[in-house]
Amino acid sequence: MKLALGPIQYFWSAEAVRDFYARVREWPVDIVYLGEVVCGKRRALGPDDWLEVAGELAAAGKEVVLSTQALMEAESELAGLKRLCANDRYPVEANDMGAVHLLTGTEGFVAGPHINAYNSETLALLHELGARRWVLPVELSRRTLADLQAERPAGLETEVFAFGRLPLAFSARCFTARAHNLPKDQCGFRCGEDPDGKGLYTQEDQHLFTINGVQLQSGAPCNLVRANDKLRDLGVDVLRISPQSFETGAVVEAFRAAVDGVRDPLDAEADLAHLGADGWCNGYWYGTAGMGTGAEP
Amino acid sequence: MINPVELVCPAGNPAALRAAVDNGADAVYLGFRDGTNARNFPGLNFDRDGEVQEAVRYAHGGGARVLLALNTFPQPADWSRAAAAVDEAATLGVDAVILGDPGLLRYAARTHPELPLHLSVQASATNRHAIAFYHAQFGVRRVVLPRVLSLAQIRQVVATAPVDVEVFGFGSLCVMVEGRCALSSYVTGESPNTCGVCSPAHAVRWEETKEARQSRLNGVLIDRYGPGENAGYPTLCKGRYRVGDHVFHAIEEPTSLNTLDVLPDLVRLGVGAVKVEGRQRSPAYVAQVTRVLRHALDAAQADPDGYEPQKVWVDALDRVSEGGSHTLGALHRPWQ
């Protein structure tokens, strides 16, 4: 299996983004997804800056994919989408059917985690339109993945979101701005103060969700490293690690070791225990509530 | 010349359907009694065994169209049920089916090319390229827009869409873009996409403690209510949570979407239909809301410039709104 770094979901400064990808060049990941997927107002890096980062990663031997925004409404966002889909250097990850429309018939795009591919008919359609890889929607189970793998079109690669806070929902409303009692149009980019999102807790202090601008994520990070063997047995091609602001390199190392069979997956999980102080969530994988945890097998 | 705007009303059961037709709905939407539609609640929806046919007969007799929602996202284990539901829909004389799943749309377009297709709000088509996709691939004739667009954005979409556009006019406010919200399955294991339910009733628990009444969803504390405080249905997006040092409705207050204030704008910018949410609500609710929106939409179409929402309409709708209050939601930019 290959390892991929998903797009950075949070709003980091241009410097933090550049520092991060300078380190990624040295990490044992095969694929790197780049770009802003959450909020069209976040433009710490312009299109040319992203292409520069992409060039450096490609030169370091990484497969680079440019990701599109998940929820697109404004004309300005659509203009950016069009430019991205028309680039002739890197494949594109479509996170909205508008992107799929613009990418139809092109060289080979990725159907991202925000495309609702829940059944074989949808996979067949995406493949016919030009998808060469798809990402399992986060709320689907290993049982459904097994069914889908059994019928997936030849040549279509499968990727699974394996580490990081799960992207659960998108809204027109900016929840970060709301938490600061600011209107979205005058948000002041307050999401930049929370490089790993802002915790949303129940009145019993359960970390339920994570606020990230117009997106809600899981409270706990998802971690499927212990499911490594099952993922491989199901013919999964790529595991996705979603960047966080600290120790993403350690996460990559742990997954690499498990995937290469040089470390037992449960030991690899133990290596990461300090990153999951509130525990992990992986209930979706086991076909239960996503916030839960299941045991392998 | 402004095209007439269709008033589309919910029919969660036969009595609600009659209430909608009798009070002026131009169209009703309904679903089968199973997980093939996004309102899969106990006691709701229509038996395949004669109830849908009777609904079609009654609605057509009253001059209303019938739209059948098949808008969950079937997984391989329930694909055959979903495909069978499309096959059956094609024999029932409904005026269109409302689909959201790309695979099911492809199946419907190939297998029943004569069956008119509407794109469900669950398909999350929020921009002209997405709408163009569903039109080009499957020939959908109408799209239902998610409740995340501002009026200006709806105007853009209507101006550029090759198909008819339907917008929500009244009812529970979905804060997230529909079809891409997994909050419910994160906490309960069941979501609109997977099971046709949001915050399913079997996961709800009410507790009376010394201090407060509490609502839980699969054990997760959603809200605490003080004495005399109205307690809403515990959907995840309408609970009170702590962010930083503050406990508040961090996602959204319990309130309903109400477009009475902007109906003339919706009429002028050319939407094809206005939809009322609420298949899970009572026939009395459907009758009340349909009657008010019929009057309001007629007034907005007859004289958009002279239109004023009447106080009796606003009061009537507030009485059936969540928390007794209403909002323009994302239509009104400051809400965002």
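Backbone N, Cα and C atoms are what each Cβ position is placed from, and that goes for glycine too.
Keep in mind that TrEMBL annotations are predicted by a computer and have not been checked by a curator.
Summarising the annotation, TrEMBL assigns [4Fe-4S] cluster binding site to A:CYS39, A:CYS174, A:CYS187, A:CYS191. Non-local contacts of A:CYS187 ([4Fe-4S] cluster binding site) by the CB criterion (under 8 A, 6+ apart in sequence, same chain) comprise A:LYS41, A:CYS174, A:THR176, A:ALA177, A:HIS180.
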Problem - binding-site residues (A:CYS39, A:CYS174, A:CYS187, A:CYS191) in Cβ proximity to chain B, threshold under 8 Å - result: A:CYS174
Practice task
Would you pick out, from the binding-site residues A:CYS39, A:CYS174, A:CYS191, the residue whose Cβ has the largest number of other Cβ atoms within 10 Å?
Solution key: A:CYS191
